[in-house]
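Participant: I have a structure here, written as structure tokens, and I will follow up with some questions on it.
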Amino acid sequence: MKAVIFAYHDMGCQGVQAVLDAGYEIAAIFTHADNPAENTFFGSVSRLAAELGIPVYAPDNVNHPIWVDRIAEFAPDIIFSFYYRNLLSEEILHLAPAGAFNLHGSLLPAYRGRAPLNWVLVNGESETGVTLHRMVKRADAGEIVASQRVAIAQDDVALTLHHKLCQAARQLLNSILPTMKCGDIPSVPQRESDATYYGRRRPEDGLIDWHKPVSTVHNLVRAVAAPWPGAFSYNGSQKFTIWSSRICPDAQGALPGSVISVSPLRVACADGALEIITGQAGDGITVQGSQLAQTLGLVAGARLNRPPATSGKRRIRVLILGVNGFIGNHLTERLLNEENYEVYGMDIGSNAISRFLLHPRFHFVEGDISIHSEWIEYHVKKCDVVLPLVAIATPIEYTRNPLRVFELDFEENLRIIRYCVKYRKRVVFPSTSEVYGMCTDASFDEDKSNLIVGPVNKPRWIYSVSKQLLDRVIWAYGEKEGLRFTLFRPFNWMGPRLDSLNAARIGSSRAITQLILNLVEGTPIKLIDGGQQKRCFTDIRDGIEALFRIIVNEGDRCDGKIINIGNPDNEASIQELATLLLDSFDKHPLRCHFPPFAGFQVVESRSYYGKGYQDVAHRKPSIDNARRCLGWEPSIAMRDTVEETLDFFLRSVDVAERAS
């Protein structure tokens, strides 16, 4: 059986050797060129391939059509991926008749995504493992072929666990590869309800928060110990790294971050103390804890801290227009949780952001973007990243007020885009899933899918075409005048503070809010055209995390990109959403305070929205760009989102009733 292998790291070397030992013919190996900035402590797949006399390649983009054709020429019977860092396109996965298979460093479906080795230690797990699974379009989601468990000892650190996983991988492959070679390939579907996803880790994620439990801090030290970048803290402006530690249960009443003693070197955490066994000051050498204390000039009672605010770059200034809206207020919370962001915002109200008004890094002005143009231009010039989130985005308004939709959603936002061009500021612009219109693709691709809308006499498309035209204008400004931009397309984000029940009372709300209002008031749930339209519902927490990563823009990977942000796994019809909501409503502890359920009522869309409305049957995103550019994957199940959204609205009603 002929194989093409994609491999990197020690796991890649183990995989290549196991495939050879099982009697496969390896036609070619694809790997990565080593990054000079990375600590390459691991084995070289390219060197191993060269020593074995196997053709080896390291293309920048293995999914380019030229390389896909080249791989096809090898005519592989089977494809293996062993710690190859890039996702393989469906075109490549379909080249091998027997299929494509990936070795993942966890017990799937737990710990899908990046850096599972480190994450299991961060989370204090006692067991992990390796899994060989069939590769499908979605990362780490294919049927399981085989897995092997690995116990995590309390003294395991990243490197010792890495060696255990390599050994387990070799044992697993030695056992299953001969069976697969004979055509006997086990397939066990993964349980999506058990799936968890973790993103990439960065060196800065090693910053210690001394207010966490001591076990959490100790687990972080274990998870990123050498040769990984290490867990670190600061004494004044001096950074130091902790390479090994142990837990001491008694913090002696000291405040978190306080030095309890210097020999041994112990630091108080939330519920105990961390003893620093070895560490390193700055770029110095590794020394034992008491010597580290001496080098840093520590004394008992000293307080360790987060990186000083004056340690270099100023904070990143983010301008959010529409800051009081659903996305704006949740994004503000996420940004203010990071020390290096300052938020400037404008909106016509402040009810959703009242909790931030006294925050020292939040600056709010109540105003209208169509009136306060001077304030906006000044702050576009002042800030680093601009998010124009103001838009009319409820379907009934498209047919009620199409001209107002165009004036606000297109004309006012175009003025802001031109300010960004003028002052050369980066803009993160909210496009919409509506731009795909009546696209017939099974999933909507940002770079390939056609954008199809209905006739001119259907004003419901005014929002879609206004957003689409702005997308095209922004793209042209990027191509012709160097505007730095990212377009993101939310797919049916839901969560607390989505809109209001008052908006639902006048028909100007999202679907779930309207459904909740029906339950609260004891009126029939209206299913427009039977409620068979399908959407992919996305938890606001998943959406905001993706949007935050767009703002961070690691490696400038988001520049010039269009990125769908949605959850393809949470596809449901409006009727199914209503049924799930009703079930959650009946189980809610406040259910007894509301009227009986009044049933479902099928309503024709024309009578509800007017003659200018037209609906679409489905709207499912491809999220390959989000995975590739952001290292992001949605993880929150639709039921959890529905329950949390319902709880928010029911408790807000309860508070109002008690107040009256």
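Cβ atoms here come from the backbone N, Cα and C positions, even for glycine.
Pulled the feature table from Swiss-Prot, pasting it below:
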REGION    1-304  region 'Formyltransferase ArnAFT'
SITE      ASN102  site 'Transition state stabilizer'
ACT_SITE  HIS104  active site, proton donor
BINDING   ARG114, VAL136, LYS137, ARG138, ALA139, ASP140  (6R)-10-formyltetrahydrofolate binding site
SITE      ASP140  site 'Raises pKa of active site His'
REGION    314-660  region 'Dehydrogenase ArnADH'
BINDING   ASP347, ASP368, ILE369  NAD(+) binding site
BINDING   ALA393, TYR398, 432-433, ARG460, ASN492, 526-535, TYR613  UDP-alpha-D-glucuronate binding site
ACT_SITE  GLU434  active site, proton acceptor
ACT_SITE  ARG619  active site, proton donor
Participant: Expressed to the nearest Å, what is the distance separating VAL136 ((6R)-10-formyltetrahydrofolate binding site) and SER433 (UDP-alpha-D-glucuronate binding site) at their Cα atoms?
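Facilitator: About 24 Å separate the Cα atoms of these two residues.
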Participant: Around the NAD(+) site formed by ASP347, ASP368, ILE369, which additional residues qualify by having Cβ within 8 Å of the site's Cβ center?
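Facilitator: Those within range, site residues removed, are LEU321, GLY322, MET346, ILE348, GLY367, SER370, ILE371, HIS372, VAL390.
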Participant: Compute the C-alpha separation of LYS526 (UDP-alpha-D-glucuronate binding site) from ARG138 ((6R)-10-formyltetrahydrofolate binding site), stating it in Å without decimals.
Facilitator: 35
Participant: Where ASN102 (site 'Transition state stabilizer') and LYS137 ((6R)-10-formyltetrahydrofolate binding site) are concerned, what is their Cα separation in Å, rounded?
Facilitator: 12
Participant: For ASP368 (NAD(+) binding site), which residues in the same chain are close in space, meaning a Cβ under 8 Å from its Cβ, but six or more apart along the sequence?
Facilitator: ILE348
Participant: List nothing but the largest Cα to Cα distance in Å, as a whole number, among the residues ASP347, ASP368, ILE369 that the record says bind NAD(+).
Facilitator: 8
Participant: Return the residues near ASP140 ((6R)-10-formyltetrahydrofolate binding site) by Cβ distance under 8 Å, restricted to its own chain and a separation of at least 6 in sequence.
Facilitator: ASN102, HIS104, LEU108, PRO109, ARG112, GLY113, HIS133
Participant: Return only the integer: C-alpha distance in Å from ASP529 (UDP-alpha-D-glucuronate binding site) to ARG619 (active site, proton donor).
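Facilitator: Approximately 17 Å lies between the Cα of ASP529 (UDP-alpha-D-glucuronate binding site) and that of ARG619 (active site, proton donor).
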Participant: Which of the binding-site residues ARG138, ILE369, ALA393, GLN532 has its Cα closest in space to the Cα of the residue listed as 'active site, proton acceptor'?
Facilitator: ALA393
Participant: If you measure ARG114 ((6R)-10-formyltetrahydrofolate binding site) to ILE369 (NAD(+) binding site) at Cα, how many Å is it?
Facilitator: 41
Participant: Across the region 'Dehydrogenase ArnADH' (314-660), what does the pLDDT come to on average, as a whole number?
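Facilitator: The predicted confidence over the region 'Dehydrogenase ArnADH' (314-660), as a mean pLDDT, is 91.
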Participant: Sequence gap of 6 or more, Cβ distance under 8 Å: name the residues on the same chain that satisfy this around ALA393 (UDP-alpha-D-glucuronate binding site), in order along the sequence.
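Facilitator: When sequence neighbours closer than 6 are ignored, ALA393 (UDP-alpha-D-glucuronate binding site) has ASP409, THR432, TYR463 within Cβ distance under 8 Å.
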Participant: Would you pick out, from the recorded positions LYS137, ARG138, ARG619, the residue whose Cβ has the largest number of other Cβ atoms within 10 Å?
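Facilitator: Answer by Cβ density within 10 Å: ARG619.
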Participant: Taking the Cβ of SER433 (UDP-alpha-D-glucuronate binding site) as the reference point, list residues of the same chain whose Cβ is under 8 angstroms away and which are at least six residues distant in sequence.
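Facilitator: The list for SER433 (UDP-alpha-D-glucuronate binding site) reads PHE444, ARG489, PRO490, PHE491, ASN492, ASN564, GLY566, ARG619, PRO621, given in order along the sequence.
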